[in-house]
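In what follows, a single structure is set out as structure tokens and then discussed.
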Amino acid sequence: MWRVRKRGYFGIWSFPLIIAAVCAQSVNDPSNMSLVKETVDRLLKGYDIRLRPDFGGPPVAVGMNIDIASIDMVSEVNMDYTLTMYFQQAWRDKRLSYNVIPLNLTLDNRVADQLWVPDTYFLNDKKSFVHGVTVKNRMIRLHPDGTVLYGLRITTTAACMMDLRRYPLDEQNCTLEIESYGYTTDDIEFYWRGDDNAVTGVTKIELPQFSIVDYKLITKKVVFSTGSYPRLSLSFKLKRNIGYFILQTYMPSILITILSWVSFWINYDASAARVALGITTVLTMTTINTHLRETLPKIPYVKAIDMYLMGCFVFVFMALLEYALVNYIFFGRGPQRQKKAAEKAASANNEKMRLDVNKIFYKDIKQNGTQYRSLWDPTGNLSPTRRTTNYDFSLYTMDPHENILLSTLEIKNEMATSEAVMGLGDPRSTMLAYDASSIQYRKAGLPRHSFGRNALERHVAQKKSRLRRRASQLKITIPDLTDVNAIDRWSRIFFPVVFSFFNIVYWLYYVN
């Protein structure tokens, strides 16, 4: 009994296989090729490709499948990506149903020109083409119930609007929009054939700069002025790989910034070395910025990598300005400070000499139309014996209020008491004539006194020359270098600490 039931089950399950084998053999049999030809001719005879299936009835449902072969390129400059795929559409056309042959008929690609096909197009397409090697890559397959499978091998360049504010730590969403060009939702409907399994090959894609994190399928309807149209969307979520940019941009920028700090350890008086190092690092950062801008579109907002490169550029530029500050203190502010101190001391000495000079009486004498002011001893007790008198004069000119206008020059003059008595007693003796430039000592015209006048003038000239030498030495006197060294020492700590803080804030903000 059990054997009989077993044989019965075997007969039930094997009957369809036998029928299919017989039909297949009949189809492949050259004697039955005429039957296949007659079936195809009958289907195409009287077929009107101008009318959609079920014209005037319910909308035809078109299911779609995509098998992605590769994503060839993602361009930030052109804001697009290139995709190669096997695009398949399936719909049912009752006019193409048959029951004579219980098998699918795969026909030549040229038959597609004689059948109705959906007017599908890619909404965000920039440039597309159907491959034609060795023949046009199209497929038409008919099923007995009238289902038509239409396949194409297409390469399309689709627009992908990117937000590059976080570049190169960004994630982008690139979509492929599929829509009917002429038929509205009253005539045609689109759906993903196989639901979530409608798109395959995504996990096999490998991109040099991106990783496909996720993808999703979207079905929606869009409304235009001409009606409502069906639309299918395939959205890729792309995450940029940071490894290339770390090696190409970030690491060189970090190393160049650190290199600019080497100038803090170079001696402050080595101007050529520090300036050359600073300018070289600044120009290198400028070159990196320029190269980066050439590989990106001209967008109005600031990108993440722009923030980093600008930060590095600021640090490099500030290192150069640090030496400018050191150089200013070393060669500029120090001598100026010393000069001001010297002028202040000279002013104090002038004020002191002004008070001392007020103790000397002046006597105005007019001789030969010229007015002189004579110095004389108010005591008049100069003894005839030889004595040494030291006078501290000021090499000065005086205004009507007797204010001292020039710096102090100490003049020590040793003369005989007899000459001093003669000079102070005679109103025509040694006198000072004031003009706008200097002091002139004049004698009373006696030949015997000309030697003393010339000696005094020579002494004054020597003092003037000595004062000029002291003034020239003041300009090259090396100032106190404590502040200069302190700036370099603080810079060695300040720059690395601030740059490290900048990196921590940058990476925490943009990575998260």
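Positions of Cβ are set from backbone N, Cα and C atoms, glycine also.
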Message: Just checking the record here: does Swiss-Prot list Asn267 and Lys303 under the same topological domain, which would place them on the same side of the membrane?
response: no
Message: Among Asn32, Asn368, can you tell me which residue Swiss-Prot lists with the annotation N-linked glycosylation site?
response: Asn32
Statement: histamine binding in Swiss-Prot involves Ser180, Tyr181, Thr226; of Tyr98, Tyr121, Tyr268, Tyr301, the partner in that site is Tyr121
Message: Suppose you had to name the range Swiss-Prot annotates as transmembrane segment; which of 73-92, 273-292 would you pick?
response: 273-292
Statement: Per DSSP (three-state), Tyr181 (histamine binding site) is coil
Task: List the Cα distance (Å, whole number) between Cys160 (disulfide bond) and Thr226 (histamine binding site).
output: 26
Statement: Using a 10 Å radius on the Cβ of Tyr181 (histamine binding site), the other Cβ atoms enclosed count 10
Field: Confidence summary for the topological domain 'Extracellular' (26-241), mean pLDDT rounded
entry: 92
Least surrounded among the disulfide-bonded residues, given as Cys160, Cys174, when other CB atoms within 10 Å are counted: Cys160
Cβ-based neighbourhood (8 Å from the centroid) of the histamine site, residues Tyr121, Ser180, Tyr181, Thr226 excluded: Asp119, Glu179, Gly182, Tyr183, Tyr229
Field: the topological domain 'Cytoplasmic' (263-272): DSSP-derived helix, strand, coil residue counts
entry: 5 helix, 0 strand, 5 coil
Message: Under 8 Å between C-beta atoms and at least six residues away from its ends: which parts of the chain pack against the topological domain 'Cytoplasmic' (263-272)?
response: 278, 319-320, 322-323, 326-327, 330, 481, 484-485, 488, 491-492, 495
